[in-house]
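Undergrad: After the C-alpha cells below, expect a handful of questions from me.
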Amino acid sequence: MLCQDVHQFGQRLVRRRLLEPREGFERPKAGHLNTLDLVALGVGSTLGAGVYILAGEVAVYEAGPATVICFFAAGVSTLLSGLCYAELVAWVPRPGSAYLYSYVTVGELCAFIIGWNLILSFVMATACEARAWSYTFDSLIGNHISQALQEMFSLNVPYFLATYVDFFAFVLVLLLTGLLVLGVHESALVSKVFTSLNLLVLSFIILSGFIKGDLHNWKLTNQDYSLNTLNTSGYSDISSLGPLGSGGFVPFGFEGILHGAATCFYAFVGFDVIATTGGEVPNPHRSIPLGIVISLSICFLACFGVSAALTLMVPYYQIQLESPLPQAFLHVGWGPARYAVAVGALCALTSSLLCTMFPMPRLTYAMAEDGLLFRGLARIYTRTGTPILAIILAGSLTGVMTLLFELSDLVDLVSTAMLLAYSLVTFSVLVLRYQPDQNLSNNEATEDEIDISLLEASRVEPGPEARSSNILKSLWRPSNTIPTVKSGQIVYWCAFLLVLLLTILSLILAQWPSQVFSGDPVLTAVAVLLLLLITGVTVIIWRQPQSPTSVYFRVPALPVLPLVSIFVNVYLMVQMDTGTWVLFGIWMGIGFAIYFGYGIRHSLENSEPQPPASTLQT
Ligand SMILES: NC(=[NH2+])NCCC[C@H](N)C(=O)O
C-alpha cells in the first residue's frame with residue numbers, strides 16, 4: 001500500500017505535459033527571421049552589466065588581470081549548456097522557454113525547478129541591469145544622484161544591503177512594469193540599433209586597450225602598490241585601493257579565478273532568447289546552433305577584450321567599481337571618450353534590460369496556467385490583454401530587490417539560478433536522447449512501447465538469479481538497437497547517479513583542492529574512486545541505444561558533452577559564497593512549498609480536468 005502511494009507520488013513528479021496549443025498570452029510572432037537576426041537578438045540580450053560593470057568588480061576582488069581567464073571559463077561552460085539547450089528546443093516543435101521544453105520532455109518537478117529558477121534570474125537580473133543603468137547614468141552626470149541618495153537614504157547594514165536606497169533604479173523598474181502592463185512588446189529594430197551601437201563602443205574600448213594599455217599592469221608588484229598608494233592620496237593609505245593579493249597576473253590564485261568564473265557566468269546569461277525565438281527561422285537546425293555559437297563567441301570576445309583592455313589600462317586595484325570603463329579612460333588621459341563609453345553602456349543595458357523584463361510575465365503566466373503557480377497569476381486583463389497580477393507581482397519584487405541590494409550580491413544569485421537551470425536542461429537532453437520514441441503531442445505510449453511492454457509482460461517471469469544476470473547483461477549489452485522503456489529507465493537512473501557523484505566530486509574539489517592535488521591519501525583515494533565510478537556509469541549510458549528520431553539539432557559526443565557541462569556548472573555553483581546559498585535556499589524553499597502545497601494538486605496534468613485559467617477573465 002505504502003509502496004503504491006510512493007510510486008504514485010513519484011509518478012506525479014515526472015508526469016509530462018501534453019503539447020496541445022493553449023490559448024492565451026503568448027509571445028508575438030517575430031516574423032521572418034534569419035541567422036543574423038538571431039545573432040543580433042542573442043548579443044543584445046546577453047551583453048550588459050556583465051561586460052560594463054562586472055568585469056571591474058571581478059578584477060578588483062577576485063582575479064585581477066586573470067579576469068580574462070574567468071570569462072574564458074564562464075564562456076566555455078555557457079557554450080556547452082547552449083548546445084544542450086539547442087537540442088532540447090529541437091525536440092519540442094513550439095516556441096517557449098526551458099520550462100515548457102522540460103515539462104513536455106522530462107517531467108513536472110524538473111520543469112517547475114527550471115521555471116522557478118528562471119523567475120528568480122529574471123527578477124534579479126532586471127534589478128542588476130536597473131542598478132547598473134543607474135550607476136552608469138549617474139557617472140555620466142557627475143555622480144550627483146548617488147551623492148544625494150547617499151545623504152538622504154543611506155543604509156547602514158554593511159555586507160548585507162546596498163550602501164544606499166537606489167530610487168533612480170527603482171523608478172526605472174516601475175516604468176518598465178508600466179510598459180508591460182500596457183502590453184508593449186519588444187521591438188526588434190530598437191534592439192538591433194542598440195546592439196550595433198554597443199558593439200561599436202566595445203570595439204573602441206578594446207582598441208583603446210591596445211593603444212593606451214601598459215603590459216606592466218599585468219605584472220604589478222608590492223612596490224607598484226605602495227607607489228600608487230602614495231600617488232593617489234599623498235600619504236600611505238590603502239583604503240582607497242582594492243586588495244593587492246600576491247600581485248602579478250593571478251593575484252588571488254586559482255581559487256580567485258574559480259570564484260571569478262562563477263560570477264562571470266552572469267555575463268553570458270541571456271543567449272537562450274535565440275533558442276526560444278529560433279523556431280521562427282526557416283532553417284532552425286542550422287540557424288539555432290549557429291546563432292548560439294556565433295553570439296556566444298561575440299560575447300566572449302567582447303568580455304575577453306574588454307577585461308583585457310580594462311586591466312591593461314588601470315592597475316586592477318585602482319579600478320573603480322561603479323563605472324570602471326569611464327574611469328579607465330580618465331585614468332589614461334582620454335577623458336572625453338568616457339562619454340561615448342557611458343552611452344554605449346546605456347544602450348547595452350537598455351536592450352538587455354528589456355530582454356530580461358519582457359519575457360518574465362510570459363513565464364509566470366505559463367506556469368500559472370499549467371496550475372503550478374497560483375492560477376490568479378494567469379488572469380488576463382481584457383482591456384490590455386496582459387496578465388496584470390503576474391506583472392505587478394514580478395515588478396514589485398524586482399523593485400524591492402533593486403532598492404535594497406548591491407549589484408554584486410544580485411549577480412551571484414542570478415548565476416547560481418541559471419547554472420542550476422542549465423544543468424537541468426542538460427540533464428533533460430541526456431535522458432531524453434535515450435528514451436523510447438515519444439510523441440510529444442500525445443503522451444500515450446507509442447505502439448512500439450506498448451508492443452515492448454506487452455512482450456515483456458507476456459514473458460515467463462525468470463528466477464531472481466536469472467533476473468539479476470539479465471539486468472547486468474542489459475547494462476553492458478542491451479538487447480535492442482532502439483531505446484526501450486527498460487533502457488530508458490536505466491539511463492534515467494544512471495544519469496541521476498552521475499549528477500550525484502559529480503556533485504560530491506565538485507564539493508570535494510572545491511573544499512579541499514590543495515589536499516586532493518597534493519596527494520592527501522584519503523581525499524585522493526575518494527576522488528579517484530569517484531572518478532572510476534563516474535567512468536563506469538558513463539560507459540553504461542554510452543552502451544544504451546539512442547533514439548533514432550531525427551531532430552534538427554543533436555548535441556555531439558553524447559553522453560560525454562552533457563556530463564562535462566553538468567560537472568563544470570556544478571563546480572562553478574559550489575564556488576558561490578554562503579550568503580548566496582542562503583538566499584538561494586530561501587527562494588527554493590518557497591518554491592518547493594508552493595509546488596508541494598499547491599502546484600502538485602492543481603496541475604492541469606491531474607486527472608480531473610480544470611477550466612483553463614485564461615477563460616477566467618477579469
Ligand atoms: N535574460 C537576460 N537577458 N538576462 C540578463 C542578462 C544579463 C547579461 N548577461 C549582462 O551581462 O548584463
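Heads up, the Cβ atoms here are built off N, Cα and C, so glycines get one too.
Features from TrEMBL:
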TRANSMEM  35-54  transmembrane segment
TRANSMEM  98-119  transmembrane segment
TRANSMEM  159-182  transmembrane segment
TRANSMEM  189-211  transmembrane segment
TRANSMEM  257-278  transmembrane segment
TRANSMEM  290-317  transmembrane segment
TRANSMEM  337-359  transmembrane segment
TRANSMEM  380-404  transmembrane segment
TRANSMEM  410-432  transmembrane segment
TRANSMEM  490-510  transmembrane segment
TRANSMEM  522-542  transmembrane segment
TRANSMEM  551-574  transmembrane segment
DOMAIN    553-603  domain 'Cationic amino acid transporter C-terminal'
Undergrad: Quickly jot the same-chain residues contacting the transmembrane segment (189-211) by Cβ under 8 Å, restricted to those at least six beyond its ends, or write none.
TA: 37, 40-41, 43-45, 47, 51, 298, 302, 305-306, 308-310, 312-313, 325, 329, 332, 334, 337, 340-341, 343-345, 347-348, 350-351, 354-355
Undergrad: Can you work out which residues elsewhere in the same chain, 6+ from the ends of the transmembrane segment (490-510), have a Cβ less than 8 Å from its Cβ atoms?
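TA: Contacts of the transmembrane segment (490-510) (Cβ under 8 Å, skipping residues fewer than 6 from its ends): 258, 423, 427, 430-431, 434-435, 474-475, 478, 516, 523, 526-527, 530-531, 533-534, 537-538, 540-541, 544, 559, 563, 566-567, 570-571, 573-575.
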Undergrad: Sequence-remote contacts (6 or more beyond its ends) of the transmembrane segment (159-182), Cβ cut-off under 8 Å?
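TA: That would be 126-127, 130-131, 133-134, 137-138, 145-146, 149-150, 153, 353-354, 357-358, 360-361, 384, 386, 388, 391-392, 394-395, 398-399, 402-406, 579.
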Undergrad: So, taking each listed stretch (98-119, 257-278, 337-359, 522-542) in turn and counting its Cβ pairs to the transmembrane segment (290-317) that are under 8 angstroms, which one gives the highest count?
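TA: If we count Cβ pairs closer than 8 Å to the transmembrane segment (290-317), 257-278 scores highest.
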Undergrad: Tell me, please, if the transmembrane segment (35-54) and the transmembrane segment (337-359) are in contact, taking contact as 3+ Cβ pairs under 8 Å between residues separated by 6 or more positions?
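TA: In this chain the transmembrane segment (35-54) contacts the transmembrane segment (337-359) - 3 or more Cβ pairs sit under 8 Å.
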Undergrad: Give me the stretch from 98-119, 257-278, 410-432 with the greatest number of Cβ pairs under 8 Å to the transmembrane segment (337-359).
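TA: Answer, by Cβ pair count: 257-278.
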Undergrad: Do you know the DSSP helix, strand and coil residue counts for the domain 'Cationic amino acid transporter C-terminal' (553-603)?
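TA: Secondary-structure composition of the domain 'Cationic amino acid transporter C-terminal' (553-603): 39 helix, 0 strand, 12 coil.
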Undergrad: Please give the sequence-distant neighbours of the transmembrane segment (257-278): residues at least 6 beyond its ends with Cβ less than 8 Å from one of its Cβ atoms.
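TA: Tertiary neighbours of the transmembrane segment (257-278) are 27, 30, 33, 38-39, 41-42, 45-51, 54-55, 57-58, 62-63, 66-67, 69-71, 73-75, 77-78, 82, 85-86, 88-89, 95-98, 121, 125, 128, 250, 284, 287-288, 291-292, 295-296, 299-300, 303, 352, 355-356, 359, 408, 411-412, 414-415, 418-419, 510, 571-573, 575-576.
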Undergrad: Just to confirm my parser: what is the rounded mean pLDDT across the domain 'Cationic amino acid transporter C-terminal' (553-603)?
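TA: Taking every residue of the domain 'Cationic amino acid transporter C-terminal' (553-603) together, the mean pLDDT is 91.
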